[in-house]
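Take a look at the structure set out below.
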Amino acid sequence: ENISDFSSNITDCTQVVVPEEVFFTVAAAGILENLLVLIAVIRNKNLHLPMYFFICSLAISDMLGSLYKTLENIFIILCKMGYLTRRGDFEKKLDDAMDSMFILSLLGSIFSLLAIAADRYITIFYALRYHNIMTLRRALVILAIIWTFCAGSSIAIALFSYEAATVIPFTILFPLMMFFILCLYIHMFLLARSHAKKIASLPASTVHQRTNMKGAITLTIFLGVFLCCWAPFVLHILLARFCPHNPYCACYMSIFHVNGTLIMCNAIIDPMIFAFRSPELRSTFKKMFCCAR
């Protein structure tokens with residue numbers, strides 16, 4: 001809020017305000033869509049696989065991001081109505097809790113994408129030993145470690161968010177993890193053809209290989225959508241911390257509400273990718289809606 005007030009004095013760029021009704025609509029749609037994905041995976045035993053568990057982890061992250069924005073808008077409305085103050089102790093603790101939820105959503109998304117990328121890598125290059133390497137128990141252990149780390153990190157970052165020593169590692173983590181996943185992709189696609197030739201003589205290997213590469217392409221779409229939706233906000237955090245008095249930085253920060261809307265759009269797009277790319281999920285959704293009718 002202080003940065004927004006200051007930026008209006010040093011730049012001619014007007015603040016772009018997104019109506020609260022848009023925030024609530026997009027957030028509600030994201031929560032409902034990802035909730036449908038979770039219910040579909042729980043109900044269909046054929047989807048009780050490590051890959052779909054990692055997808056559920058990504059869906060939970062998306063839900064947390066939408067829930068954060070919903071609670072934040074409610075908090076702002078209550079402040080405008082006079083039921084809450086912006087500087088009170090309770091309000092500060094509430095704000096820290098919501099910030100922690102937001103950071104948990106971001107970290108959960110990053111590490112869920114990393115887990116999905118690693119799962120696709122093992123599926124492609126260790127296809128014959130995949131079920132021995134990536135068991136259901138190991139997948140659950142990986143998810144438990146991921147969410148324990150993300151929860152602890154989100155609390156620490158929210159409590160010390162005003163310290164540069166906290167902001168810098170948080171913002172560096174985003175491009176670092178994306179770079180690591182990108183390297184994994186490059187290695188994956190460079191060796192995919194040679195690996196396909198080696199197993200081409202095995203029964204049903206061609207179909208299996210196509211399925212694995214389809215999973216890798218789906219993950220590529222996930223990553224592209226994630227970067228487009230989250231990168232503008234991460235850039236906003238960097239600019240707000242290191243050059244808030246620069247007119248160009250302040251001009252970019254005037255579209256803060258747009259960046260927040262992009263984050264919530266990510267929660268809407270991901271389930272659409274799930275349904276479009278997975279025939280098993282599409283079939284489960286159809287059965288769910290038919291039973292409901």
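Glycine is treated like the rest: Cβ placed from N, Cα and C.
What TrEMBL says about this protein:
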type	residues	note
DOMAIN	33-274	domain 'G-protein coupled receptors family 1 profile'
TRANSMEM	22-42	transmembrane segment
TRANSMEM	49-68	transmembrane segment
TRANSMEM	102-128	transmembrane segment
TRANSMEM	140-162	transmembrane segment
TRANSMEM	168-192	transmembrane segment
TRANSMEM	213-235	transmembrane segment
TRANSMEM	255-276	transmembrane segment
Segment proximity, the transmembrane segment (49-68) to the transmembrane segment (140-162), 3 or more C-beta pairs under 8 Å: yes
Candidates 22-42, 49-68, 102-128; stretch with most C-beta pairs under 8 Å toward the transmembrane segment (255-276): 22-42
Mean of pLDDT values spanning the domain 'G-protein coupled receptors family 1 profile' (33-274): 79
